[in-house]
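Following: one structure in structure tokens, then a few remarks.
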Amino acid sequence: MKHIRNFSIIAHIDHGKSTLSDRIIQICGGLTEREMAAQVLDSMDLERERGITIKAQSVTLDYKSQDGQTYQLNFIDTPGHVDFSYEVSRSLAACEGALLVVDAGQGVEAQTLANCYTALDMNLEVVPVLNKIDLPAADPDRVAQEIEDIVGIDATDAVRCSAKTGVGVPDILDRLVRDIPPPEGSPDAPLQALIIDSWFDNYLGVVSLVRIKNGTMRKGDKIKVMSTGQVYNADRLGIFTPKQIDRDVLNCGEVGWLVCAIKDILGAPVGDTLTLARQPAEKALPGFKKVKPQVYAGLFPISSDDYEAFRDALGKLSLNDASLFYEPESSTALGFGFRCGFLGLLHMEIIQERLEREYDLELITTAPTVVYEVETTAKETIYVDSPSKLPPLNNIQELREPIAECHMLMPQEYLGNVITLCIEKRGVQTNMVYHGNQVALTYEIPMAEVVLDFFDRLKSTSRGYASLDYGFKRFQTSDMVRVDVLINNERVDALALITHRDNSQYRGREFVEKMKELIPRQQFDIAIQAAIGNHIIARATVKQLRKNVLAKCYGGDVSRKKKLLQKQKDGKKRMKQVGNVELPQEAFLAILHVGKDSK
């Protein structure tokens, strides 16, 4: 036990977590030179393409330290994006310490702070590391001072390293062994194992990543899931050295994987406790608090035959991603599908891409909305996560929208731009602190504005230097309206959006113009209208295609021409009564981007 160290690597996006993990694996000889690849832990092809970490990965390595002892390091590489902060908090629950990696060129950023506070709340030992000292722009002394000012950890003797070149990485390992405490727990107590993560393997069924807090787990043990009381047989267990290695026993304090031939995806929920059937533990370990989705969107398969496959795919994915929420929903325009809850827009994009890639589905997404709290005239409080569920205007007493508290960090020269952006997003400033050249801003901004495109716009106004961390604060009364879209005088439920009354005129007009470009011209005029209740606020017309019926008349009587034109007109009129308009997939996607390019 004394020789086990469990730690996570936390940092802001692109500060070099995954590269540092590569170096640590290399130094400890987890993989041979031939098997080594850049960012070896980012195993999903989506992660490699976007160059970001999405899933936390765990690795067990043996490290010979300078005092001649061999230590077992269990470490978890975590994502840096604000949308995946739930992954980070789960990983931290399995550790006794964390490496806080900070880019020596860029300094402290918002996510660094957020993740670091999460670690400190869980009473973990935080070891600061200054990375990327090989860059010409690196200024480790200034950044060490910044860590002290902003985060409040003593960073004067922080390890300086360059994960890319490998300089200083052995020092990190020695510092780890010295500063991070060994796991507590007794090997003789009844087994308590925390499920940190689960995923579905087509051959093995459910594979769970567990951290043994007390007791030991052996191959062939009868294992009981504490929340459901079901008993399974531990068929295989082992560790990752990034490769899956089978072992016969997992000892107290270790992190490893377990296969119990669970077929049902709800068999081993993340955050649950496993114990032995013959001598169960008294009580379950404190799990993780369930995370509430911030953004909801409808996902619909393009062909309705895929509905079953789509349902299974969502089930398997939600096992792997505990923060995904879904329930069935049907729409007149799009058929059957699911209403899904996500932690943010990036999370939504990633889930959609994973469904399309890993499960070969073709999906349509409706515009994302946040959850509104509605008090009806009958004094009931209901939560609305989709525009179609909003009660009629005359039944609403008041509508409250969620407000997010946003913490932003940026260099001073971009302060003006960022404040302008926040005000445009209906934000209210609550705090502003200067730390040397950095400014920390706190704003309360409506969640609907944050999830739409705030992050992208923040990055572009500050040339990528500003960083953001946000969380739900409270519900607040506000004047929100539902804008419906009518095509040929028919409401299309999938296109409705909820927006603030001040922006409604503008959003409606822009929306209609955009739709006009996207709907292909038909044989008759198509009217596209945006309406609040029965009040039309914007309209555009897609002009019809028409054949030149007069081409065959050379000269001749005007009444002949009139007759032909009249006949064409009548034909178009008849078509318009029976014709319906097919909406292309681009039309739905364009709605997500309304307001992004135009401002």
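Placement of Cβ uses the backbone N, Cα and C atoms for every residue, glycine included.
Since we're looking at a predicted model, the values are computed, not measured.
What Swiss-Prot annotates here:
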type: BINDING; residues: D14, H15, G16, K17, S18, T19, N131, K132, I133, D134; note: GTP binding site
type: DOMAIN; residues: 2-184; note: domain 'tr-type G'
Just to be sure I understand the packing, how many Cβ atoms besides its own are within 10 Å of the Cβ of N131 (GTP binding site)?
30
Looking only at Cβ atoms, how many others are within 10 Å of the one on D14 (GTP binding site)?
16
Can you tell me whether DSSP puts S18 (GTP binding site) in helix, strand or coil?
helix
